[in-house]
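Enquirer: OK, TrEMBL features for this one:
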| type | residues | note |
| --- | --- | --- |
| DOMAIN | 2-97 | domain 'Pyrroline-5-carboxylate reductase catalytic N-terminal' |
| BINDING | Ile6, Gly7, Ala8, Gly9, Asn10, Met11, Ala68, Val69, Lys70, Pro71 | NADP(+) binding site |
| BINDING | Asn55 | NADPH binding site |
| DOMAIN | 161-264 | domain 'Pyrroline-5-carboxylate reductase dimerisation' |
Amino acid sequence: MKIGFIGAGNMAQAMINGWLKQKTVAATDILIHGGNPAHYQPFADESGVVALDSNQAVAEQADLLVLAVKPMMASDIFEEVTDILQKRQIPVVSIMSGVSLLQMEGYLNDRDYPLIRIMPNLNVAINAGMTAYAANATAQSAVPEVVALLDALGASIALPEADFSTFVALAGSSPAFIYLFIDALSRAGVKHGLTKDAATKIAAQALVGSGQMVLASSESPFDLIDKVSSPGGTTVAGVLAMEAAGFMTSVVAGVDATIAKDQETEE
């Protein structure tokens, strides 16, 4: 199966790199085209994927088409490739933020065209990503194959489109929040004498291990906090100090702001 990408920016390259690392897809079975060859040709040369000379060429040769362009380009891209898609009826997967399945059906002037909307995060590049997906009724037969591709990049979850804005905050934008927390932990370590490299490595590994513990455990994160916290001990003192400084409130506020901005974009 040949997978075509219209748009070859950071997210497209992250997905492709994840598949190539896992050998899920051969480099020669990935076709790409973007707006500026200077941005994607070096990636094609290094990775071995096939760079084509037009969006139409990608749509004509792909068995699965991934739209990885900015949302404001949706109308123009569909105008370029709709005739080809109508003839070929290949499944289209979109990672365009804020562009709904219904909107894409409108661009295609076809309520029965097989469409799948996905929302990955950049961790797909190291096969540790989380991707949400939603499909219209016509695309259901293509869903298992697409989910297998997504799961090769980490994990995936089916969500109603109405929940995509929340997913953006919890999975799409949260890596930035987590990097911020790692940086805060490492700076605290530096304050108390560690080198920045050592503090960052310690903090990052603590985050990795804690995340794996949450996934492996049947207990809630709150219960796991209690397991780490001895009565009158150091951990509970730190947790209480963070809460007094508004830690949880600030995280919720960050998620709220992210959701509000995403919904504003959709409007």
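Cβ atoms are placed via backbone N, Cα and C, with glycine included.
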Enquirer: Counting other Cβ atoms within 10 Å of each residue's Cβ, which of the binding-site residues Asn10, Asn55 comes out lowest?
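Expert: Ranked by other Cβ atoms within 10 Å, the binding-site residues Asn10, Asn55 bottom out at Asn10.
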Enquirer: Would you mind giving the whole-number mean pLDDT across the domain 'Pyrroline-5-carboxylate reductase dimerisation' (161-264)?
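Expert: Looking only at the domain 'Pyrroline-5-carboxylate reductase dimerisation' (161-264), pLDDT averages out to 95.
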Enquirer: Using DSSP reduced to three states, classify Lys70 (NADP(+) binding site) as helix, strand or coil.
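Expert: The three-state answer is coil.
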Enquirer: Name the residues of the same chain, 6+ apart in sequence, whose Cβ is under 8 Å from the Cβ of Ala68 (NADP(+) binding site)?
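Expert: In sequence order, the residues whose Cβ lies under 8 Å from that of Ala68 (NADP(+) binding site) (at least 6 apart) are Phe5, Ile6, Gly7, Ala8, Gly9, Met11, Ala12, Met15, Ile95, Met96.
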Enquirer: When you tally the Cβ atoms that lie within 10 Å of each candidate's Cβ, which of the binding-site residues (Ile6, Lys70) has the highest tally?
Expert: Ile6
Enquirer: Of all the Cα pairs drawn from Ile6, Gly7, Ala8, Gly9, Asn10, Met11, Ala68, Val69, Lys70, Pro71, the residues the record ties to NADP(+), which distance is largest, in Å?
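Expert: Max span of the NADP(+) binding residues, Cα based, is 15 Å.
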